[in-house]
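Chemist: Sharing a structure below in structure tokens format, with a few things to ask.
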Amino acid sequence: MAELSEQVQNLSINDNNENGYVPPHLRGKPRSARNNSSNYNNNNGGYNGGRGGGSFFSNNRRGGYGNGGFFGGNNGGSRSNGRSGGRWIDGKHVPAPRNEKAEIALFGVPEDPNFQSSGINFDNYDDIPVDASGKDVPEPITEFTSPPLDGLLLENIKLARFTKPTPVQKYSVPIVANGRDLMACAQTGSGKTGGFLFPVLSESFKTGPSPQPESQGSFYQRKAYPTAVIMAPTRELATQIFDEAKKFTYRSWVKACVVYGGSPIGNQLREIERGCDLLVATPGRLNDLLERGKISLANVKYLVLDEADRMLDMGFEPQIRHIVEDCDMTPVGERQTLMFSATFPADIQHLARDFLSDYIFLSVGRVGSTSENITQKVLYVENQDKKSALLDLLSASTDGLTLIFVETKRMADQLTDFLIMQNFRATAIHGDRTQSERERALAAFRSGAATLLVATAVAARGLDIPNVTHVINYDLPSDVDDYVHRIGRTGRAGNTGLATAFFNSENSNIVKGLHEILTEANQEVPSFLKDAMMSAPGSRSNSRRGGFGRNNNRDYRKAGGASAGGWGSSRSRDNSFRGGSGWGSDSKSSGWGNSGGSNNSSWW
């Protein structure tokens, strides 16, 4: 990665920062050799998927090992996760035998790059500051052990090649084990998914399912009674969480399902009718299934809101409140509620009062900021020179995957077609592509069949794609928080990454925030950005939550917020964070409206 950063530095794209970008044909030197792929076929799809054409990536239905199953009833004191899962018999967890083929499908092999678990800088997380506030904060764990974790979960964690807990996992495991609610802010890429899956599954493996009410109708009218419900703002993130859940529920009695809009509801209904113990869902589709009477929340022990600030920013608050407050959800105090996100400004914390009880507030790392594992470069490039500058960047990069962000769906298609014509293996993901096309594009990118992914905001938030070594902001966003989330797609789980941004006079609204981000992360600030900042109007960075300042990760109860007072322990080592941002919308499957989001409709 250091070599790639040096190559970018030596590209002569900014020989003189004040003069801006110098096109290759004016530099007095030949164009760099480009990455060729003679096996690429641009007919009927290829790596780009043809925007509706054929593709060699099959659209397999989600599910995989352990999701076949029968309807999970409470028959004779036993519970089974289908033919391939474990069983809960007379108060005891009986794991299924190990299956070599299933383990390869779920966990890969050690040298498989698609199953990246940790990077060369993972030990650096030991030095990340942590602030845990609330009553009687449990001591954090320092390693994966039993107790407090269940033995079967430990085996699955070992299969996934996780060797040590991240800071958020060190705290979340004992917090959940002690029956407490949790609001957690953690640096992007720092293991938030494991932060809620590990403790929730561990406790579920120990305590088993709740008894289900007797069926009120025929088999096809039965409801699913999940023990855990995880809500996420987008179908891509929901699918990603589900894929992780399949790994860690391996051989257990817990059957995981995922539901989201944009895909036929029939397949999802059939999976749910076979039994569902852990449900991952987007708010719109979950509301739809509740209205259809296919799901009951009466047995929910664990409610998880992932990217909670984003869901509220996207206008999902009415849906979430309906799910939590108006349906048959287990009430506050009788369930455990966990809220996870990269940012939690004060207004979201105030809303959390309605969903959490006696919770512990956890801030890990420089939340809402950029990882120091990411080397950031800002280049001055006029719009007409961007394609040429991009080719130079790509020619300097030979290893890993590159994620390129643009602002519009039209530009995503145009740039992808341009890159394909230059013999790069590129694909695109944006809102006009169908769900199956998006899944095929992501599968191609994850596997390395396509080394370039051109994306609108779809891939900007929450997705964990291994081996992304370079993020290029071809078009800078208007909000600095979106910039942070975009570049957070690299440098994840302790790995190093490079982020390059094309900047010009049209990006004046992000000048101050970008300067602040670079300075905060000890990155080089180019002179043209300093000059632009001096001339930019106003004094506050453009952030949709800028009104709450830079310290929005703080527990508002410490600052005299509602319910403040009487809060004892605090393991504080740092404070200084930023707010979130929002865009997108959920599925059209529900009658619930969308009130938030940005002008970019790329989610759909």
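Along the chain as shown, the residues are counted starting at 1.
Just so you know, glycine gets a Cβ as well, placed from its N, Cα and C.
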Chemist: Pick from 142-170, 374-402, 461-489, 490-518: which stretch is listed in Swiss-Prot under motif 'Q motif'?
Modeler: 142-170
Chemist: Motif 'DEAD box' per Swiss-Prot: which of the ranges 306-309, 414-417, 566-569 is that?
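Modeler: The listed stretch tagged motif 'DEAD box' in Swiss-Prot is 306-309.
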Chemist: Just to be sure I understand the packing, how many Cβ atoms besides its own are within 10 Å of the Cβ of ALA186 (ATP binding site)?
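Modeler: Excluding its own Cβ, the number within 10 Å is 26.
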Chemist: Under a criterion of Cβ-Cβ distance under 8 Å and sequence separation of at least 6, what residues of the same chain contact LYS158 (ubiquitin cross-link)?
Modeler: PHE144
Chemist: Would you kindly give the Cα-Cα distance separating SER535 (phosphoserine) and LYS192 (ATP binding site), rounded to the nearest Å?
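Modeler: Between the Cα atoms of LYS192 (ATP binding site) and SER535 (phosphoserine), the distance comes to 39 Å.
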Chemist: Rounded to the nearest angstrom, how far is the Cα of SER263 (phosphoserine) from the Cα of THR193 (ATP binding site)?
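Modeler: Answer for this pair: 24 Å between alpha carbons.
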Chemist: Rounded to a whole number, how many Å is the Cα of SER190 (ATP binding site) away from the Cα of SER535 (phosphoserine)?
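Modeler: Spelling it out, the Cα of SER190 (ATP binding site) and the Cα of SER535 (phosphoserine) are 36 Å apart.
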Chemist: In three-state terms from DSSP, label THR193 (ATP binding site) for me.
Modeler: helix
Chemist: Including all protein chains shown, what's the count of other C-beta atoms within 10 A of the C-beta of GLY191 (ATP binding site)?
Modeler: 27
